[in-house]
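Annotation source TrEMBL lists transmembrane segment at A:12-36, A:63-87, A:99-122, A:152-172, A:201-223, A:251-273. As annotated by TrEMBL, domain 'ABC transmembrane type-1' applies to A:64-270.
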Amino acid sequence: MTNRLRLKPLGIGWLALPGAGYLVLVFALPLLALLASSLFDAEGAFSLAGYGNFLGDSYNAKVVWNTLKIATSVTLICLLIGYPAAFAMARAPVAVQGLMFLALILPLSVGVVVKSFAWTILLRSNGPVNALLLQLGLIDEPLKLLFNERGLIIAAVHVFLPFMVLPIFTVARQIDSRFMDAAATLGGGPLYRFRHVVWPLSLPGVVTGCAFVFSMAVSMYVIPALIVGDRYQTLPALLARAYLFMRDRQAGSTMAVMLLIIAVSIVLLSSWLGRRIEARQQRAQEAA
Amino acid sequence: MNSEKLWHFGSNLILLLVAIFMLAPLVVVVMVSFSSSPVFNLPAPEWSLRWYSALLHKDGLGAVLWLSVKVALVSTLAALVLGTLCAIAIAHGRFRGRDALLAFLVSPLMMPGLVIGVALLQVLREVGLRDVLGALIIGHIVITLPYITRTVHASLALFDMRLIEAARTLGLSPARAVLQVMVPSLAPAFLTSGLFAFLASMDNYPISIFLTDARNKTLPIEILRYLEESPDPTIAALSAGLILFAIIVLFLAERMVGMRRLAQF
């Protein structure tokens with residue numbers, strides 16, 4: 001009786017069809033169509049001219065360069081702040097951890113538009129940030145923080161920092177403090193312990209965090225639109241303009257595909273790195 | 001001992017600074033929304049509710065908010081159904097490539113939203129779909145589905161399917177066994193992933209911008225347009241409302257599953 005009515009394991013697989021089919025139709029195939037439309041010219045012949053024309057234009061090449069540069073700076077600053085913060089959090093008492101979760105997740109649950117708007121208030125020349133710096137005597141006259149790269153980086157770091165801290169926190173929590181004690185008894189100084197114990201063990205979290213932050217920073221649109229406006233063009237801004245205002249499909253799809261290639265290569269690179277780190281840790285464990 | 005004290009001091013300082021950095025923007029927006037000054041001056045010369053009353057009398061805002069809520073609700077509900085089915089299939093199916101399937105189902109979160117929007121726009125044009133509400137719902141399911149699939153799959157992996165068989169031997173029909181045994185144990189996963197999917201849809205700009213038109217706008221698009229044209233603290237009042245909404249959502253989620261599980265990556 002029970003045997004006949006048991007949910008058959010093989011039969012269950014079909015349940016994924018509606019959802020997976022939906023994403024194929026509405027997500028995967030449209031992306032492939034976009035890729036195709038960037039590879040064929042107006043007469044329908046295969047050509048890479050779209051890419052040649054796009055990158056040949058020095059203005060466009062500079063925009064791509066700016067986009068990658070900003071995303072790299074944002075990722076590095078997030079790592080520089082997020083790494084020590086994640087470890088401090090992992091070693092903090094439970095109550096402090098709870099407050100830090102709140103401080104990271106509440107901003108995450110508030111929209112990007114609201115947060116970018118908040119930074120336009122904070123960063124004005126007579127805004128709170130400048131007032132604080134003046135009062136502390138760190139600067140003599142207000143810094144220009146809006147409508148330039150500096151402000152963009154500050155706001156982007158704020159929006160993406162939780163995506164760096166949380167994955168690193170997850171691995172930091174698992175690094176047993178006995179490892180550190182063991183390394184210390186073996187005579188390793190703090191720097192030695194960091195390089196040979198802490199850093200290698202935290203690498204999976206670092207890779208995940210950097211992949212998240214970089215891929216989001218490359219494709220951010222709302223933050224630059226509010227903080228810098230048109231003065232500083234990035235690839236997403238150029239892409240949106242090509243479609244929404246210029247109605248230039250060939251150029252638009254070329255840019256979209258370039259953005260897509262960057263995103264896909266980050267995913268592939270991070271999963272490859274993740275596998276390599278895992279394999280190395282396994283080898284180290286077997287050797288031990 | 002001394003170095004231990006230094007380490008303690010240093011790590012507390014880092015945490016304090018990060019917490020201030022993360023929360024300051026939200027605090028500032030709320031403060032500006034209660035200020036009587038129209039130019040974002042802080043500290044406020046006087047406290048007032050004028051921007052809240054301006055918000056209530058703003059034309060067209062109700063329609064914009066309603067469109068956003070409709071899209072978020074429908075796309076979250078659709079994703080709850082589709083995503084749960086996918087999660088069950090991956091967690092308990094025995095076919096090859098389950099990991100790859102899960103990676104595919106979650107992949108829209110790693111792709112640039114603008115690119116998804118552009119690709120969808122081209123396809124919808126080919127098909128000839130002109131209805132903004134329909135197009136938005138179709139597009140938003142692409143980003144709500146990954147949230148549901150990921151979270152429900154994670155909590156299903158911990159669910160013991162033998163419980164369903166046990167309920168079946170006790171005489172429950174298959175449907176009731178699933179409803180009375182599996183659904184309650186998955187409720188926290190449904191609730192949190194549903195709430196975050198809802199928030200993600202409400203906040204989405206890059207996909208929506210390609211699917212809306214001049215007459216039908218979603219909330220983030222309208223806010224951005226308004227800020228570019230005539231920034232005044234009415235938007236701060238609206239933002240404070242959205243922040244309050246996020247706090248309520250987090251409070252509910254924290255009650256159901258705790259802050260720790262919300263932060264799992």
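Here the Cβ of each residue, glycine as well, is placed from N, Cα and C on the backbone.
Residues 67-68, 70-72, 74-75, 78-79, 82-83, 86-87, 112-113, 116, 152, 155-156, 159-160, 163-172, 174-175, 179, 234-237, 240, 259, 262-263, 266-267, 269-270, 273-274, 277-278, 281 of the same chain lie 6+ residues outside the transmembrane segment (A:201-223) yet bring a C-beta within less than 8 angstroms of a C-beta in it. Residues 89, 92, 128-129, 146, 151, 154-155, 158-159, 161-162, 165-166, 222-223, 225-227 of the same chain, all 6+ positions outside the transmembrane segment (A:99-122), place their C-beta atoms under 8 angstroms from a C-beta of that stretch. Long-range Cβ contacts of the transmembrane segment (A:152-172) within its own chain (Cβ-Cβ under 8 Å, at least 6 residues beyond either end) map to 70, 73-75, 77-79, 81-83, 85-87, 89-90, 104-105, 107-108, 112, 115-116, 119, 123, 145, 201-202, 204-206, 208-210, 212-213, 216-217, 220, 223-224, 227-228, 232.
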